[in-house]
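Working notes, structure below.
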Amino acid sequence: MAAPASRQVRRRARAAPRPRSAEDWWWDRLAPRGSGYHLLQSDSMLLVLSEPGPARPRAQRRASRRTPRQPPRGPSAAAKPKAGLRSEAAAAPAPAPAPTPTPEEGPDAGWGDRIPLEILVQIFGLLVAADGPMPFLGRAARVCRRWQEAASQPALWHTVTLSSPLVGRPAKGGVKAEKKLLASLEWLMPNRFSQLQRLTLIHWKSQVHPVLKLVGECCPRLTFLKLSGCHGVTADALVMLAKACCQLHSLDLQHSMVESTAVVSFLEEAGSRMRKLWLTYSSQTTAILGALLGSCCPQLQVLEVSTGINRNSIPLQLPVEALQKGCPQLQVLRLLNLMWLPKPPGRGVAPGPGFPSLEELCLASSTCNFVSNEVLGRLLHGSPNLRLLDLRGCARITPAGLQDLPCRELEQLHLGLYGTSDRLTLAKEGSPFLTQKWCHTLRELDLSGQGFSEKDLEQALAAFLSTPGGSHPALCSLNLRGTRVTPSTVSSVISGCPGLLYLNLESCRCLPRGLKRAYRGLEEVQWCLEQLLTSPSPS
């Protein structure tokens, strides 16, 4: 029986304290005990916080988990062991007990509970700003009580998108799902959305009015409302919202079925503070534009009218001069994929005041439009601060008409034609007028589909090689798809524009095979330059 006893003694002797690991040494080196600092470690960061009551070192926390439970004291604990084992144990010397670190009093709540609430809210705010409040805040609220308290702060719920669950479901099931979601919103609105600023409703069909009523009661700070694919929006709901939310200044009604009377009533109530308005063109758009022409929204800065899925064959008649008088503060005007006609000014009528604050004009269209040099002059004759001009699909615009514009600091010019016109009627020369005027400020230039000759394009793009002051040109995006640009011209542009990050050479008949594609990024653009310098010229 001596062998088991000696084996037991050896086992106990091996229970000596382990040497400290390198991780524990660094842990104590970064935040020594008594220094007033403690470390908080997560999966991807290490925080050093100054706070009274430093955290326990890792070794002590691990030891507290490994400490065995003490046997209960009582009569049963004092029972005598077996006689054989007792005599053998008495013969062998008793080993010294292994020193175990004594853990500090109080449970280890974890690093997440030790972060101050205001810091945790700021961390959550960075994630919300990047990805939105959902689903992150909902998941974070389940981690612990401190995280739930931080995720419940109304300041984090400033931007919310509510999508109806009826997509892909039958109509009856969709109504039930909307009612169920509405019941949840009755609690969320007063408890989470009291500081809501931006709200988006997507594909709501039957419960739009109750939701807007809740918003008016619980969200006084609302500034932006978007209704996308929604039905049943009434005038009472919009007017009530305009009265309850005194800071509401932006309304997006694109792709929603809203009566023109409802929109006009809303603009009459909140028009004095309206800044941005998005609409989808329909037969009722004329009535809404009539309210804008009557100076209903004198502070309007952004106006966008686009075409819905079901294209309207009736062109929109837009009185340009009346719009300039009704919206003198307009900064962005977008008529996207819209067939519209400028209303004739009439004989003897003085030109309008223009848009002195206009910075962006977008008239892009994939269909036939009636935008000419004369119409463009009526729109932009008083806009010296224009930065973006998008005329894609406007085949009637010529370089001569663009040369007369008063803007001198244009940064983006899009003149691409995508198979919407006859190449025989396109201008063959005049592109140097554009680049010579704006070569010092242009960052994006789109000439795709234009019919300029090889020599004309060479002269136009050569303007970027001799910018005033000897500085590098600002050009970073160049679209030459379907043009007659030559390899030597492309090589010169790449060499003279070191900041070029996008170059589209698709369907360029004068370039060698294998190079007719789009290049994205500095490496691909430089690779294109190397290939052009080493490839033989096409026959």
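Note: Cβ is positioned from N, Cα and C throughout, glycine not excepted.
What Swiss-Prot lists as region 'Disordered' is 1-27 (among others).
Residues or ranges marked as compositional bias 'Basic residues' in Swiss-Prot: 8-17 (among others).
The annotation domain 'F-box' is assigned in Swiss-Prot to 10-162. Taking the domain 'F-box' (10-162) as a whole, pLDDT averages 64 in the prediction.
Residues or ranges marked as region 'Disordered' in Swiss-Prot: 49-111 (among others).
Annotation comment: Swiss-Prot describes 58-68 (among others) as compositional bias 'Basic residues'.
Summarising the annotation, Swiss-Prot assigns compositional bias 'Pro residues' to 94-104.
Annotation comment: Swiss-Prot describes 177-203 as repeat 'LRR 1'.
The repeat 'LRR 2' annotation in Swiss-Prot covers 204-229.
Taken from Swiss-Prot, the feature repeat 'LRR 3' covers 230-255.
Positions annotated as repeat 'LRR 4' by Swiss-Prot: 281-307.
Sequence-remote contacts of a segment are chain residues at least 6 beyond its ends whose Cβ falls under 8 Å from one of its Cβ atoms, and for the repeat 'LRR 5' (312-337) they are 281-283, 285-286, 289, 292-306, 343, 345, 349, 351-367, 370, 375, 378-379, 382. According to Swiss-Prot, the feature repeat 'LRR 5' maps to 312-337.
Helix, strand and coil content of the repeat 'LRR 6' (341-365), in residues and according to DSSP, is 0 helix, 5 strand, 20 coil. If you look up Swiss-Prot, you'll see 341-365 marked as repeat 'LRR 6'.
Taken from Swiss-Prot, the feature repeat 'LRR 7' covers 368-393.
Here Swiss-Prot flags 394-419 as repeat 'LRR 8'. Residue counts for the repeat 'LRR 8' (394-419) by DSSP state, with H, G and I taken as helix and E and B as strand, are 5 helix, 3 strand, 18 coil.
According to Swiss-Prot, the feature repeat 'LRR 9' maps to 423-449. Remark: secondary structure over the repeat 'LRR 9' (423-449) totals 11 helix, 3 strand, 13 coil, with classes taken from DSSP.
Within the chain carrying the repeat 'LRR 10' (453-481), a Cβ under 8 angstroms from the stretch's Cβ atoms is held by residues 411, 416, 428-432, 434-436, 439-447, 488-490, 492-493, 496-508, 510, 518, all 6 or more beyond its ends. Under the heading repeat 'LRR 10', Swiss-Prot lists 453-481.
Remote same-chain residues near the repeat 'LRR 2' (204-229) are listed as 162, 164, 166, 171, 174-175, 178-179, 181-182, 185-186, 189-190, 193-198, 236-238, 240-241, 243-256, 258, 276, 278 (criterion: CB distance under 8 Å, separation of at least six residues from the stretch ends). Long-range contacts of the repeat 'LRR 1' (177-203) within the same chain, counting only residues at least 6 positions beyond its ends with a Cβ under 8 Å from a Cβ of the stretch, are 152, 154-155, 157-167, 169, 210-211, 214-215, 217-219, 221-230.
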